[in-house]
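Heads up: the structure comes next, in structure tokens.
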Amino acid sequence: MLPRHSDPIVAIATAPGRGAVGIVRVSGKQIGALVQALCGRALKPREATYLPFRDAAGQAIDQGLALYFPAPHSYTGEDVLELQAHGGPVVLQLLLARCLEAAQGLLPRLRLAEPGEFTERAFLNDKIDLAQAEAIADLIDASTEAAARGASRSLSGDFSREIHTLRDALVHLRMLVEATLDFPEEEIDFLRKADASGQLSNLKRSLARVMQRASQGALLREGIKVVIAGQPNAGKSSLLNALAGAELAIVTPIAGTTRDKVQQTIQIEGVPLHVIDTAGLRESDDEVERIGIARAWDEIAGADAVLFLHDLTRWGSAQYQDDDAAIAHTLSNRLPAGVPVVDVWNKADAAPQAAAPAREGESQAVLLSARTGQGLDTLRRQLLQIAGWQSAAEGVYIARARHIEALRAVDAHLMEAAAQLESDGPALDLLAEELRLAQNALNTITGEFTSDDLLGVIFSSFCIGK
């Protein structure tokens, strides 16, 4: 353990601001003397004790609960003391200062914790693995109920157990191949007898299932960015308001009302969609409007999906069609390959006999009225399909981009391993190396093989006191 990880640490563990309860947390080795100094008595482990909190002069700071968790049966795996007082910021700062003051003659190395350091201690002391540690932050940051439930499953170890199952199968296959390397005269019969090819195929199928569930979990965590674009007065702000179920953007019949982006995160079946309303796209002499249009194109360039809004009531105008075609051409040039564009034909209520016109190259289209809500459910289903959401089935766990990247690396190494195994006269040393690299990639998910730099990035994103 690095030197800083042996220091006792203290921090306010509750969120900034006022609340009914606030917590000051201390973690370290052999903090019993500090517990005695702060509480005026020894505490019975894992039981709440109601008592006064006093400063060094014996003056009352507050009264509340103290809980002592001796190592190793604590959150961090070290001795942990929690002081639960009233949740005013001044009270908590006084308690924090009292902890540091009382430690001067007892725990002179006691210091303020860095962000995420309590959870980092839990990881380093084998209380949780890295995927579970990340799930704590994901649970705190969850923006939807589905994301919170998925993070809870990861925290309880569902994702980690899947990874361990894959790793165990991989280790068994590695043992088989590497043992064969020690007895080259028997290599072909030995591999066939043990059905190494069948084991590898089963492993690849299991990996595919984990990747599918992980990708769904990553979607719950990250969501997708959806940009609404189109000519002025096509109904972009009305569509944002309709999707959000609230009057977020100003709606007027005056073209060019929206000068800057308006963003709102909505959820459909628990999937967060970051929807952005943008300025109407057109040529303009107004400097402020031109800035808004430039920002609109910047947002479009970074979109995961674009809703290209058309006004059905103006589609009979040749000029309107030409302007729409010019926007479509610019979209095709500016958007990265593979970013879907949904043609949304708005104001269907004002043109009840109209059907969605067919545009050249159009692959997806929705006919709707942002004012009445007609067609909104169809658009929502279309957005879920674009996002890649398959169902709201139980069992999805939260995964991060780095987890997906690691699983893809495992898949690539297993593909190479399969190619070696299926070739005439397989190169067993190359096969063994691919399996080793696959295992290393798996281990980075749970933290069994992870660089200190990555740990620093992960835990620094936590709040102080967690």
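Cβ atoms here come from the backbone N, Cα and C positions, even for glycine.
From a predicted model like this one, the values you see are computed outputs, not experimental measurements.
Record features (Swiss-Prot):
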- ARG25, GLU82, LYS127, LYS466: (6S)-5-formyl-5,6,7,8-tetrahydrofolate binding site (BINDING)
- 223-388: domain 'TrmE-type G' (DOMAIN)
- 233-238, 252-258, 277-280, 346-349, 369-371: GTP binding site (BINDING)
- ASN233, THR252, ILE254, THR257: K(+) binding site (BINDING)
- SER237, THR258: Mg(2+) binding site (BINDING)
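On the structure: features taken from Swiss-Prot.
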residue : record                                              : Cβ contacts under 8 Å, 6 or more apart
GLU82   : (6S)-5-formyl-5,6,7,8-tetrahydrofolate binding site : ALA13, ILE23, VAL24, ARG25, VAL26, ALA66, LEU67, PHE69
LYS127  : (6S)-5-formyl-5,6,7,8-tetrahydrofolate binding site : PRO72, TYR75, THR76, GLY77
LYS347  : GTP binding site                                    : GLY235, ASP311, LEU312, THR313, SER369, ALA370, ARG371
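All protein chains included, ARG25 ((6S)-5-formyl-5,6,7,8-tetrahydrofolate binding site) registers 24 other Cβ atoms within 10 Å of its own Cβ. For SER369 (GTP binding site), the Cβ neighbour count at a 10 Å cut-off comes to 22, with all displayed protein chains included. ARG25 ((6S)-5-formyl-5,6,7,8-tetrahydrofolate binding site) carries a strand DSSP state (E or B). Taking only the Cα positions, the spacing between SER237 (Mg(2+) binding site) and ALA279 (GTP binding site) is 9 angstrom. Following the DSSP three-state reduction, the secondary structure of ASN233 (GTP binding site) is coil.
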